[in-house]
Each structure stands twice: as C-alpha cells, then as structure tokens.
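Got a structure here, written out as structure tokens. Questions coming.
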Amino acid sequence: MRIVLVEDNSDFREEVQFHLQRAGHEVFIAADGAGLDQVLAVHHIEIAVLDLGLPGEDGLSITHRLRMSHPEIRILMLTARSSQHHRISGLEKGADSYLTKPVDMRELCAVIESIRRRISPAVADHRAPGWTLSLSTMTIMTPKGERITLTPTEMLLLRPLAEAAPDIVSRQQFAKALGHREEDYDYRRLEAVISRLRRKIATSDEESSVIKPARGRGYIFAAPITVIP
C-alpha cells in the first residue's frame, strides 16, 4: 500500500515509517498539511496516517479536506487525546480508524491491514488500467499512479477530452471551452498547447500518444479515463 504519514514529531515519525516499511508498505512522510499536499501532488496515496495535533492546520481539518478532495484515500488518525469526544470528532470528520498514542506498532500494522482489506477490489481494479482526471484538485493521475498537476488552460482542454473519450473533440469545441469565438481563435495556439500537454503527461513511450490527433478534425483521449469531482 502507498501510505502517507503526517506527523510533526520526527522520532515518532521515523519509528512508524520503519515499521510500516518493514511490513511491506511504501511510505511517504510529511510534517504538516503543506507537506501532505506536496506528497499528494506527486503520488497516488491509498492510506493517510494523520496526527491530530499538527502545527498549523490540525488533523481534523486535514481529514475533512481529504474527504472532499480525495475521497478514495482511507484515513487513520493518531492522537494523544484519548477522550471519546475527540474520537467521535475524528470519525465524524471522515477518519476510517482511530488509534491513541502511545501506539503499539503491531496494532498499527494490524489496523493498516484491516483498512487494506476493506478497500474494494473492484474500485482498485477500476483505477488500475486507466487514467483519472480530478476536477477539484486539477490533477491527472496516470495508470502508474503518478499525479500530474495541471494548469487552468490544460484543465480546460483535458476535461472535454476525458468526458468525450473515446470520441473526437473538435478544434471548435476546444475554442469554446477556452472561452473564445470560433471565428476569432488562432488554432495554431491550440496546436502548441496540445503539443506541450502531450509531452507533459507522457511518462513512457506507450503513454506518449494518449492524446491523438483525429485526421485534422480534433483530438481524442485514446485510453480509459475516469473523471471525478
């Protein structure tokens, strides 16, 4: 599993990272919400392990934000606050599980394994072969799990391609999506932007032609792709 661990205590963070990696997981680390965002911008994360008492944006706020922007991520909350109120608050914000510090590493790994089993195989299988375009985060995720951040213009071009796939999106449709009148738009600019976009999302020779020209009429997204809010 790809796990991001968000914990500001470096000693505890290293200990948890060690045990999760020994259990066979790929672990990315962050010390706060900003660091988490940097990880999410690059990697496809399946489980987030969050400390409740983070500096700046706390774990409850991050949990709520993750539920809105990355609903597919499962969340395990860690905290020194053991009251029922804090546990309920975490679960209400969207945490899947809740552990109180000090954490037994065997229990932590067992909870991670339990979360892994609850992740629907059907959902995982659906994501694996294709691309995913996220409207809320303005990112596209490759079949290999790499998350690529898009500019507003790139998003305006990719959205009609993804929603129409595998059908053709005409040059006139692109002009409209960009907010231009068909008769006034310089289509050479479109060709230049599309060319840069194709290079940007090309992560292998196989994927380099995922956006294909359609005999001078427009372009198609020639691979399975899912659009999520």
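Quick reminder: no glycine exception, Cβ is built from N, Cα and C everywhere.
All annotation found in TrEMBL is predicted automatically rather than curated by experts.
Just so it is clear, the model here is predicted, and its values are computed rather than measured.
Quick paste of what TrEMBL says about this protein:
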- 121-223: DNA-binding region (DNA_BIND)
- 2-116: domain 'Response regulatory' (DOMAIN)
- 121-223: domain 'OmpR/PhoB-type' (DOMAIN)
- Asp51: 4-aspartylphosphate (MOD_RES)
List every residue in the same chain as Asp51 (4-aspartylphosphate), at least 6 positions away in sequence, whose Cβ is under 8 Å from its Cβ.
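The answer is Val6, Glu7, Asp8, Asn9, Gly59, Met77, Leu78, Thr79.
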What is the pLDDT of the DNA-binding region (121-223) when averaged and given as a whole number?
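Mean pLDDT for the DNA-binding region (121-223): 81.
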